[in-house]
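> I have a structure here, written as structure tokens, and I will follow up with some questions on it.
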Amino acid sequence: MNEVMTKNIKIFLMSLISQNVKNFVISPGSRSTPVVILLAEIAKNNSDIKLYIDVDERSASFLGIGLSKKLHLPVALICTSGTAATEYSSAVAEAKLSKIPLIVVTTDRPMELSDIGAPQAINQQNLYGENTKSFVNLNLQDEGLEVSKYVEFETQRIAMSAVHEPVGPIQINLPLRKPLMPNLDTDDPSINKIQSLVKRADVGVDWLKKFNNKKVLIIAGPESNNYHNQLIKLATEKRIPLISDILSNTRDDSEYVVNNFDLISKKMNPKNLSEYQPDVILKFGGTLVSAPISNWLSSLNSQTTVVNINNTELNDYTLSTNAIIDGSEVDVIDAINKLDFKTDVYYSQEILKLDQKAESIKNKLIEQNFSEMSVAQVMDESVEPDSNIFLSNSMPVRDFENYYFGTQNRNIYCNRGANGIDGVTSSAMGVAIDFLHNYLVIGDLAFFHDMNGLMMAKRYNIPITIVVVNNNGGGIFSFLPQAKADEYFETLFGTPQNIKIKNVANLYDFEYLRVESENEFKKALSDSSKQKIIEVVSSRPDNVANHKLLEKQFGEGIDKYVETNR
């Protein structure tokens, strides 16, 4: 029996590897013994195979998300049976919505131990439901040549499905019975690799010619397919203003990149804003971080055509899409570049002037005092080019959307599929592995939520600077209507944890610095070669007051500019 199990598990693993699954995050357990031992044996002789060990399955799954985000490749998770597999659930939901190709390998009790009271046995069939694209149950201990051929084919088929549009996670369940120790020092099987031969089809963009010399905008949402440089080039060559979401990785000092449309669309008088309505919008990427820009899209009348690129599922809660182009982003960009197509240059210049004025107003207002809003601006000025910056959900990603201008080209990441605060540190570690300059910006509650992720920095010697914005609770709730419920707010929403960030740093052997001024923060950021935690102490009431005052003054300033230059 062990010979059959060993042979089929090796076929399974080599089939995954043949489909470019070469990064594996393993959480130890008994039932997964033969899979991980044989994988380690394969990796011993193949430097392309990378194994990462994380004892916490939830942390491991988000580490896998971070790795996949950085590498733009599928990443496999492997765990034992029972509740271990359920710990992947949050990350699988995030992977579906963020279009991350996670290969979730759950080992299981065999059929005869199912639904009969056996220990560590739960129903693992299609465990993640609609959050996975595909599910397969592979019986690797069945004998026969046809079984081995099926394992080889089915493993490749389901792995390929994870990376084909719409990209997403899949689950492979492996029921295994004892004895679990495989035969070692056996030859690796040869695999008949299934080739993915995708012939590029002509992308239909000729109809854009009807918008020749019209008012055109590009909106770049969060990207997952690594096309941001081509998109900036398209905007520049066609003279199209590009509204840049913080997660689009298009924020830099390029002439046609617009970084300030969030506050413009939020605080400008609607009558003034209507003067900048375009004839057509080309929308790339996922759901925008900016609620104000999304609300603006929802408010546009039928005079504006909103074209979604490579979004055939029509995931658009703004309900603004009235055309789609079915094709990869790179192919669409290439096709538009080749099109004899010009834009209304005067309109483009007016948008760019508006953005420049908005940036000038914001800069002056932020510089008045050091606050949570200053974190994005100071990091923009101080962090090395081409660094990785991972943002937590809640306030950090919103503040970076508003106050990070993109003076240098950097890699900005966030788990913006399900928008949760779980697994943020672990995902940041996945992005940071084998990279020199890494930063994580996170609130105190999200930091508390995933302290286990800090262990990965120790295990894999990851240089990372973690900026913890500590306002002692859930800062974003102070901006919401429930903040007015004084009697219940702190207990139910503010939830102060009184965490001693310094003690956490000591527990994981991180250097610790507390900063209270812009100069102290800049100095603390000066060396990114270490494992460092910088605590930025804030007050939730002060933070709300600072945001509201800046937004009020910004709205007054930007409206005055428009009305003066009308």
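Glycine residues also receive a Cβ, built from the backbone N, Cα and C atoms like all the rest.
TrEMBL lists 14-126 with the feature domain 'Thiamine pyrophosphate enzyme N-terminal TPP-binding'. Annotation source TrEMBL lists domain 'Menaquinone biosynthesis protein MenD middle' at 206-391. The annotation domain 'Thiamine pyrophosphate enzyme TPP-binding' is assigned in TrEMBL to 423-531.
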> Please work out the helix, strand and coil residue numbers for the domain 'Thiamine pyrophosphate enzyme N-terminal TPP-binding' (14-126) from the DSSP assignment.
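Across the domain 'Thiamine pyrophosphate enzyme N-terminal TPP-binding' (14-126), DSSP assigns the residues as follows: 49 helix, 20 strand, 44 coil.
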> DSSP says what for the domain 'Thiamine pyrophosphate enzyme TPP-binding' (423-531): how many helix, strand, coil residues?
57 helix, 19 strand, 33 coil
> Give, as a single whole number between 0 and 100, the mean pLDDT over the domain 'Thiamine pyrophosphate enzyme N-terminal TPP-binding' (14-126).
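Here the predicted model's pLDDT, averaged over the domain 'Thiamine pyrophosphate enzyme N-terminal TPP-binding' (14-126), is 96.
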